[in-house]
Every structure is written in C-alpha cells, then in structure tokens.
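These come from Swiss-Prot:
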{"type": "BINDING", "residues": "Ala13, Ser14, Ser15, Gly16, Arg17, Thr259, Gln304, Gly402", "note": "ATP binding site"}
{"type": "DISULFID", "residues": "Cys68-Cys222", "note": "disulfide bond"}
{"type": "BINDING", "residues": "Gly83, His236, Asp237, Thr238, Asn296", "note": "substrate binding site"}
{"type": "ACT_SITE", "residues": "Asp237", "note": "active site, proton acceptor"}
{"type": "DISULFID", "residues": "Cys353-Cys370", "note": "disulfide bond"}
{"type": "DISULFID", "residues": "Cys413-Cys417", "note": "disulfide bond"}
Amino acid sequence: MTFRNCVAVDLGASSGRVMLARYERECRSLTLREIHRFNNGLHSQNGYVTWDVDSLESAIRLGLNKVCEEGIRIDSIGIDTWGVDFVLLDQQGQRVGLPVAYRDSRTHGLMALAQKQLGKSDIYQRSGIQFLPFNTLYQLRALTEQQPELIPHIAHALLMPDYFSYRLTGKMNWEYTNATTTQLVNINSDDWDETLLAWSGANKAWFGRPTHPGNVIGHWICPQGNEIPVVAVASHDTASAVIASPLNGSRAAYLSSGTWSLMGFESQTPFTNDTALAANITNEGGAEGRYRVLKNIMGLWLLQRVLQERQINDLPALIAATQALPACRFIINPNDDRFINPDEMCSEIQAVCRETAQPIPESDAELGRCIFDSLALLYADVLHELAQLRGEDFSQLHIVGGGCQNTLLNQLCADACGIRVIAGPVEASTLGNIGIQLMALDELNNVDDFRQVVSTTANLTTFTPNPDSEIAHYVAQIHSTRQTKELCA
C-alpha cells in the first residue's frame with residue numbers, strides 16, 4: 001500500500017489548525033487528523049487592529065514539530081489563510097510596521113475616493129473584484145498616506161499565506177488565488193495592474209509576479225534535518241474550500257460558511273458586465289484557471305461576536321433555543337458596513353431593529369434567530385442574483401466549512417433558497433489545501449479527480465427544502481410584493 005502524508009496549515013480569522021492528511025493511492029482514500037488547533041483573533045496595538053503573526057508562526061511550527069516527533073515522514077506542506085491582509089518586509093526580510101487587520105478603520109472613505117478618481121467601472125474592468133472597503137488596494141493607500149515614514153524601508157509586501165511560507169522556507173512567493181483578492185491584479189494579464197498599484201501608492205517592486213497553485217516555494221527543514229517541500233496551494237482559504245466542494249455539474253453553487261459566507265459558482269470565464277458590477281460580484285482566481293464568481297456575505301462573524309459578548313459557551317443549546325422561536329420576526333442586512341467591527345454587536349443589531357420599527361431581539365435565542373433568519377434570506381437573494389447573472393437557475397447548493405455543522409441554518413437556507421442543500425465537508429479549506437499538494441506530488445490528475453475522492457470519503461448531509469416552512473412563506477410574500485411593485489411601476 002502506497003501512502004502520502006501531507007500537512008495542511010489552515011488559518012482562519014478566529015482559529016487555526018495544523019492537519020495531517022494520509023492518502024492511500026490504491027484505494028484513493030483520504031483521512032484527516034488534527035495535530036494542533038489554536039486560537040486566532042484581533043488585537044489592539046498602537047491604535048491599530050492587528051494580527052499576532054508571531055504567535056501564529058509559533059503555533060504553526062509547534063504543529064509541524066508534533067508531526068515530526070511522531071516519526072511521520074511528511075511529503076509536503078501547504079498553507080492557506082484569509083485574504084487581503086499583508087506583511088511588509090525590509091531588504092533583510094525583517095518586518096516593517098504592524099500586520100494590520102482588514103477590520104481596522106484606517107481605510108475609511110478610501111474606496112469612495114478610488115471610485116471618484118479612477119472610476120468605479122474602470123477599477124472593476126481592470127480587476128473584476130468586488131468593492132469591499134478593506135481590500136488591499138485601499139489598505140495600501142491608507143498605509144502610504146498615513147505612514148509615509150515606512151515607505152523608504154519597505155522592500156517586499158507578502159500576503160499572509162506567502163508570509164508564513166517565507167518564514168518556513170526563506171523563499172518569497174505571491175500565490176495567484178490570494179493575490180486576486182487584493183483588487184490589484186489585472187484580470188486579463190494575471191499580473192499586478194500598474195494603474196491600480198500607482199493609485200495605492202505601493203511600489204511594484206514590492207511584489208513578484210503571481211504564481212498559480214502547485215509550485216514548490218521552497219523547503220522547510222524539520223528538526224530531524226529532512227527537507228520538506230512547501231507547496232503553493234490555493235492559498236486563499238475560500239479558493240481551497242471551493243476545490244474541496246464536491247460540485248457536480250454546471251448547476252451547482254457553493255457556499256463556504258465560516259466567519260465569512262462566500263456564495264458563488266465556478267466559471268471558465270469572468271463576469272464583468274454592468275449587471276455583475278451593479279450586484280458587486282467578484283471574480284476571484286481559482287485553481288486550473290477557473291474563476292470563483294461569488295459574493296461576500298458577512299457570515300457567522302455576527303454570531304461569533306454575540307457569543308463573545310454574551311459569554312455563551314454552549315452553541316448547540318443556543319441553536320436549540322433559537323429553533324423553538326418563530327421565524328422572521330427580526331430581520332437585518334448582515335452585509336451592512338455597520339456590522340464589520342462595531343463596539344458591541346448585540347447593541348448594533350438591536351439598534352437596526354429599533355430603527356426599522358421591528359421588535360427588538362433581547363434574549364440570546366432571539367439574537368441568534370435574527371442572525372440565522374437574516375443570513376438565510378440574504379443567501380436566497382444572492383443565489384437569485386447569481387442565477388440571473390449567468391442566465392440559469394441552480395439545482396443544488398453545497399455548503400462547506402465549519403458553518404455547515406449548523407443544521408438549523410442549513411435547513412433555513414434550503415427553505416429560503418428553495419433548492420436542495422448538501423452540507424459538507426466541514427474541513428473544506430484543509431481538504432482543498434491537501435488536494436493541490438497531492439496534485440503537485442503527481443498523485444491526482446486535477447481538481448475534478450480530487451472531488452471524486454472527496455465525494456467518496458467525506459461525510460455529506462442533504463437538506464430538502466420545505467415549502468411550508470415559515471421562512472419559505474416569508475420569501476414567497478416578499479417575491480409577491482416585489483412583483484406587485486414592478487407591475488405598478
């Protein structure tokens with residue numbers, strides 16, 4: 001029996017994990033084992049919201065060392081993280097400034113300024129990327145405007161996964177799927193767009209040409225002295241999650257559910273027409289030249305903040321209490337910018353309900369109900385937008401990532417969207433990370449080949465839409481009201 005042992009480092013906004021994957025060639029089976037799990041989160045430092053990259057690096061090394069201490073031969077390592085954030089280095093490879101997080105307020109007003117000076121349509125035609133106030137394009141402009149004293153010292157700008165790969169190997173790389181999240185990569189050339197870079201104030205010399213997933217960046221030398229290849233996987237965690245989504249046919253959509261919810265479909269060509277621009281659709285890079293045509297949704301970040309503020313430790317109990325409440329009494333727009341990083345999430349949610357003359361969610365369960373119903377309704381709206389964009393309805397939705405364990409939200413999503421939902425795999429980003437490593441090791445042919453492995457080894461659960469549910473009736477009522485308004489217009 002031939003085995004491959006691959007290690008995936010998967011960093012999310014709230015936690016990170018080092019996972020060991022064992023692939024058996026003859027039976028094409030893949031098993032995962034968690035080696036080390038650790039917390040991640042936002043920190044306040046010198047007036048900025050930052051990441052503790054030193055702590056994250058220590059946790060990564062601890063996890064890798066644990067694998068080596070077990071005497072396991074590691075065939076390769078891959079790292080994926082969230083998008084848009086970066087670390088600046090000087091000529092000697094030392095950090096310049098702070099690793100500022102995307103939830104920091106330093107970019108306030110800069111997205112509007114870019115649209116005014118460059119033109120919203122021109123930016124979109126160049127990048128194909130949705131407008132989000134924390135995109136790297138605006139973060140770099142904030143840096144160069146607010147901290148000009150740092151500029152003479154900067155030699156390199158590495159996105160988060162590339163930074164951690166650099167720390168392991170001493171080699172620099174700019175991986176394509178994550179680079180596209182910056183809104184700085186030209187959608188036609190797959191290279192940095194000089195006009196957008198110039199507006200940001202960044203020097204093009206800070207960046208190398210983006211490389212597509214699958215190349216070996218360099219080698220990590222383990223404590224035993226072995227050189228282990230570090231592979232440039234699809235290093236944006238959503239890109240990895242989509243690779244592991246067992247999409248079957250052109251009518252399948254995906255929803256990567258975690259701190260963020262990212263809903264979309266795969267395409268061989270980008271969508272950059274006026275309809276896509278109006279809907280703020282993004283065309284992020286994927287593996288094998290595919291595009292991830294999707295939309296960002298604020299996701300379970302709202303719930304995470306409520307759990308933290310209310311000191312709730314028993315999530316299953318909260319979900320059970322939430323499920324017992326009537327649906328759609330408290331509805332908010334989870335994508336409202338006021339929810340990006342408020343001082344108090346509970347108070348912000350209550351304020352929106354108060355301002356819109358709705359009942360006020362007071363209890364933990366009511367806040368949970370508000371979040372779950374609002375997310376499911378937004379999922380339905382976004383899925384409808386995506387279907388209109390491509391001119392074909394979807395027949396099923398694959399929910400992957402940690403959020404797919406929330407069976408209540410899965411059923412609400414199926415009911416609101418009116419289509420079959422398939423939940424799983426949970427560790428989608430980790431699996432997609434492993435998939436690219438196995439392709440680099442010549443164990444698998446391509447993404448479709450890997451998805452067959454996932455379909456046969458992952459635990460998948462199907463949720464059938466219930467047209468008689470409260471949320472389904474609510475959606476039908478909304479559609480009827482919209483149609484009436486359109487007829488009367």
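Quick reminder: no glycine exception, Cβ is built from N, Cα and C everywhere.
From a predicted model like this one, the values you see are computed outputs, not experimental measurements.
Swiss-Prot feature annotations superimposed on the structure.
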residue : record                 : DSSP class
Ser14   : ATP binding site       : coil
Cys222  : disulfide bond         : coil
His236  : substrate binding site : strand
Asn296  : substrate binding site : strand
Gln304  : ATP binding site       : helix
Cys417  : disulfide bond         : helix
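Among the residues the record lists as binding substrate, namely Gly83, His236, Asp237, Thr238, Asn296, the two farthest apart have Cα atoms separated by 14 Å.
Looking only at the binding-site residues Gly83, Gly402, the densest Cβ neighbourhood within 10 Å occurs at Gly83. Per the record's binding annotation for ATP, residues Ala13, Ser14, Ser15, Gly16, Arg17, Thr259, Gln304, Gly402 show a top Cα-Cα distance of 18 Å.
When the Cα atoms are compared, Cys222 (disulfide bond) and Arg17 (ATP binding site) turn out to be 18 Å apart. Comparing CA positions across the binding-site residues Ala13, Ser14, Asp237, Gln304, the one lying closest to Cys413 (disulfide bond) turns out to be Gln304. When the alpha carbons of Thr238 (substrate binding site) and Thr259 (ATP binding site) are compared, the span between them is 11 angstrom.
Ranking the recorded positions Cys68, Asn296, Cys370 by Cα distance from Ser15 (ATP binding site) puts Asn296 first. Listed in sequence order, Phe330, Ile332, Pro359, Ile360, Pro361, Cys370 are the same-chain residues at least 6 apart in sequence whose CB falls under 8 Å from the CB of Cys353 (disulfide bond). Cβ crowding, taken as the number of other Cβ atoms within 10 Å, peaks at Cys413 among the recorded positions Ala13, Cys68, Cys222, Cys370, Cys413. Sitting within 8 Å of the Cβ centre of Gly83, His236, Asp237, Thr238, Asn296, and not among those site residues for substrate, are the Cβ atoms of Trp82, Asn178, Thr181, Ala239, Ser256, Trp260, Leu262, Glu284.
Taking the Cβ of Ser14 (ATP binding site) as reference, residues of its chain lying under 8 Å away and at least six apart in sequence are, in sequence order, Asn39, Asn40, Gly41, Thr259, Gln304. Shown are the binding-site residues Thr238, Thr259, Asn296, Gln304; of these, the residue with the fewest other Cβ atoms within 10 Å is Gln304.
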